[in-house]
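*Asks:* Submitted below is the structure of interest, expressed as structure tokens.
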Ligand code: IMP
């Protein structure tokens, strides 16, 4: 079986290959991101649309991730990518810097759809929002600290080992093996 990973990001496909025994193929299909505060709903809707529109038989996988800041009621959450492009990471830090509670988490949902069965797999990593540090990673990594290091200060191996996406992919891999 081949898993068709719907993304324009080759890095995600490489990461998925590290977890899955099956072949993973990248599909560049721009699915509709429905407006919802639920990552699972966004990912499942995207997976069903991609399956219907790309005309293959093999199962498709879509993942959706975001940063959820407690003091901001979960913002930017599902809008993380849009907020990164518009507000910017530095100013998300400015929104949080006067707050006493700086707790946050990254969440990722991996959605699988094979034409009949839809399943979601969730991964999260807890941390707190700090002033930007570090040169690595992408997105909100410089302002997200986990166990003393920002994600931008971690090695790629360390980040993958603790990341929300890694945790969701590990659950997905277990489920694939069992089924
Ligand atoms: P995506 O759904 O994985 O494309 O992620 C959506 C947005 O969430 C990205 O554009 C980033 O702004 C943010 N994000 C997701 N995962 C990470 C991460 O591991 N580090 C930093 N930012 C992330």
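Including glycine, each Cβ sits where the backbone N, Cα and C put it.
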*Asks:* Look at the substrate binding annotation in TrEMBL, where 7, 8, 9, 10, 11, 12, 138, 139, 140, 141, 159, 164, 165 are given, and name the residue from 52, 65 listed for that site too.
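*Replies:* Given 7, 8, 9, 10, 11, 12, 138, 139, 140, 141, 159, 164, 165 bind substrate in TrEMBL, the matching entry from 52, 65 is 65.
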*Asks:* Compile a sequence-ordered list of residues in the same chain as residue 141 (substrate binding site), six or more apart from it, whose Cβ lies below 8 A from its Cβ; state 'none' when nothing qualifies.
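*Replies:* Result: 134, 150, 151, 152, 159.
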*Asks:* Between residue 164 (substrate binding site) and residue 64 (Mg(2+) binding site), how far is it from one CA atom to the other, in Å?
*Replies:* 11
*Asks:* Of the binding-site residues 7, 9, 11, which ones put their CB under 6 Å from ligand 1?
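*Replies:* The qualifying binding-site residues: none of them.
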*Asks:* I need the least crowded one of these binding-site residues (33, 64), counting other C-beta atoms within 10 angstroms of each C-beta.
*Replies:* 33
